[in-house]
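Novice: Here it is, the structure in full.
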Amino acid sequence: MEGVFNNKKFILVFVFMLGLCIGITTVHGQGTRVGFYSRTCPRAESIVRSTVRSHVNSDPTLAAKILRMHFHDCFVQGCDGSILISGPATEKTAFANLGLRGYEIIDDAKTQLEAACPGVVSCADILALAARDSVVLSGGLSWQVPTGRRDGRVSQASDVSNLPAPSDSVDVQKQKFAAKGLNTQDLVTLVGGHTIGTSECQFFSNRLFNFNGTAAADPAIDPSFVSNLQALCPQNTGAANRVALDTGSQFKFDTSYFSNLRNRRGVLQSDQALWNDPSTKSFVQRYLGLRGFLGLTFNVEFGKSMVKMSNIGVKTGTDGEIRKICSAFN
């Protein structure tokens, strides 16, 4: 019996030490955790949620804009709120970020949080939480957002060059995502966020009138859809017009975006390429449950990929700062 007891004791100690090691790895590897503000600012998440709800209820297009802002923040300098800084030559001024909107939501939430818990909640965390809440308000499933990020002290327009572009091939997209620790499934899943997105015509008009110098439209687009897009984006005059990336379901977070790719109705060249390339097409098919593929639940997988993305290059501990105002360094 003593031998059995000693064995059990050894196993318990081993399991405890293993758990301790895993916990240490998690803290040092990411530095964020669910419920980070549970003691220091218990109402942090509810304040952000109610703020986002108020703004999105007034303007449903803001949901996609906040989601896009979080993506752009994470892909440059990590998820540190650097996209929020105002001033000359900051990330906000880069061409790829000129169309970003919704900064007032983050500022509004920050003002309320500073009144409730001064100097506690970072702008980077507010943006991460707001992105989740925007998806939920659009009909998507919720997920737990690890918090504890600190705000970065650098914001340079010159660092924005690594953002995915609307004409990127699948190979280029995969390279850019892999550089951030994201795999091919994450790529397809996160781009699926375009289900509530829009784009200015200037980012895809090359597909409509003179694709690759052919004086014709991109043959990858369904001909009837070409006519629709040409009407929405008149040649030489409609560059700033906005078009939904998920036709017929612009404000609903669902899988119809993937159905549009299957039907050759992807607006951006980079989006339609996900259906045309075998390495990404298989994931699109799985989200649609096609041809016997093991199905994936888009809403569930989106939350998982968002957690991965939101931990890119986070600043924790004594790194960075907790800004008093999200648009300016302390």
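Cβ atoms are placed via backbone N, Cα and C, with glycine included.
Here the structure is a predicted model, which means the values were calculated and not measured.
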Novice: According to Swiss-Prot, which candidate among C41, C74, C79 shares a disulfide with C117?
Specialist: C41
Novice: Swiss-Prot records D246, S249, D254 as Ca(2+) 2-binding residues. Which of T189, T195, T198 is assigned to the same site?
Specialist: T195
Novice: Identify which of C123, C233 is listed by Swiss-Prot as the disulfide partner of C201.
Specialist: C233
Novice: What is the number of residues in the region 'Disordered' (149-168) that are helix, strand and coil, as DSSP sees it?
Specialist: 6 helix, 2 strand, 12 coil
Novice: By Cβ distance under 8 Å, which residues at least 6 away from the ends of the region 'Disordered' (149-168) in the same chain are close to it?
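Specialist: That would be 31-32, 72, 75-83, 85, 87, 89-97, 122-125, 128, 176-177, 179, 199, 203-204, 206, 268-270, 273, 314-317, 319-323, 326, 329.
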Novice: Considering Cα atoms only, can you say which of H72, C117, H194, D254 is the nearest neighbour of D80 (Ca(2+) 1 binding site) among these recorded positions?
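Specialist: Looking at Cα distances from D80 (Ca(2+) 1 binding site), the smallest one goes to H72.
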Novice: Compute the mean position of the Cβ atoms of D73, V76, G78, D80, S82, which form the recorded Ca(2+) 1 site, and then list in sequence order the other residues of that chain whose Cβ is within 8 Å of it.
Specialist: C74, F75, Q77, C79, G81, I83, E91, A124, G152, S155, G313
Novice: If you count the C-beta atoms lying within 10 Å of each candidate's C-beta, which of the binding-site residues T195, S249 ends up with the smallest number?
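Specialist: Candidates: the binding-site residues T195, S249. Fewest Cβ atoms within 10 Å: S249.
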